[in-house]
Amino acid sequence: MTSLGVNIDHIANIRQARLANEPDPVQMALLAELGGADGITIHLREDRRHIQDRDLKLLRETIKSRLNLEMAATTEMIEIALDLKPDMITLVPERREEITTEGGLDVASNAKSLKEIVTKMESCCIPTSLFVDANSKQLEASSKIGATWVELHTGPYARASWKNQPLEFAKISEGVARARNLGLRVNAGHGLTYQNVEPIASITEMEELNIGHTIIARAIAIGLKEAVKEMKELIKNPRHEPFFGS
């Protein structure tokens with residue numbers, strides 16, 4: 001069964017908008033776990049626009065599920081990860097001017113530096129995932145540098161029109177198959193919603209979906225615990241089969 005990692009960055013976004021103490025991402029993470037979250041995902045950005053170092057440390061101490069730290073491949077973040085020892089890190093591209101992560105890592109063009117990070121993390125028993133687009137070039141490069149995991153970027157699928165969504169779904173489905181053939185374990189995320197998650201959750205060998213914005217948006221209406229329960233049920237028992245021909 002596909003697991004659910006709940007990204008709580010948007011809780012911190014609300015807090016930082018007023019530079020206040022609430023809402024507290026740590027408290028919300030615990031509610032997410034009560035709702036059935038299999039893991040908590042956070043992105044500690046270099047500019048600290050939402051998640052803060054304090055959040056990271058408290059989450060490591062308090063949550064009962066897995067902590068997945070999304071981070072840029074920088075010296076500062078590597079040192080933080082080695083000190084904190086999260087259950088997993090996910091290396092993502094990062095630009096200060098972006099609102100959210102806009103695309104996957106170019107592993108093929110940065111193989112040497114990324115391999116050094118992956119090797120270092122794995123030697124310290126920190127599993128490392130690479131956030132990549134679902135294409136053979138990046139998947140093959142990820143395998144070559146020794147990564148155990150990849151997280152497939154589902155943004156193009158999520159943004160696609162109704163007409164084009166089956167095509168984008170096929171790319172994700174084929175990406176999962178290619179990754180597994182290369183010996184990689186596969187997660188996915190970015191832009192998934194209550195309306196589009198079920199086909200992705202139906203893909204065989206998809207291990208975890210990392211989802212944040214749509215759950216937090218839903219939580220405003222019905223509460224975080226119930227929002228997570230609803231998403232968990234969709235992933236656990238998807239009613240829709242994969243698109244025809246995929």
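A Cβ is built for glycine as well, from the same backbone N, Cα and C atoms used for every other residue.
In Swiss-Prot, the 3-amino-2-oxopropyl phosphate site is described by ASN7, ARG18, GLY212, HIS213, and among GLY175, GLY183, GLY191 the residue recorded at this site is GLY191.
For the recorded positions GLU70, GLU151, the largest tally of other C-beta atoms within 10 A is found at GLU151. Per Cα geometry, GLY212 is the residue among the recorded positions ARG18, HIS43, GLU70, GLY191, GLY212 nearest to HIS10 (1-deoxy-D-xylulose 5-phosphate binding site). A distance of 16 Å separates the Cα atom of GLY191 (3-amino-2-oxopropyl phosphate binding site) from that of GLU70 (active site, proton acceptor). Checking the recorded positions (ASP9, HIS43, HIS50, HIS190) against HIS213 (3-amino-2-oxopropyl phosphate binding site) with a 10 Å Cα-Cα cut-off leaves ASP9, HIS190. A separation of roughly 11 Å, to the nearest angstrom, links the Cα atoms of GLY212 (3-amino-2-oxopropyl phosphate binding site) and HIS43 (active site, proton acceptor). For the binding-site residues given as ARG18, HIS50, the lowest number of other CB atoms within 10 Å of the residue's CB is seen at ARG18.
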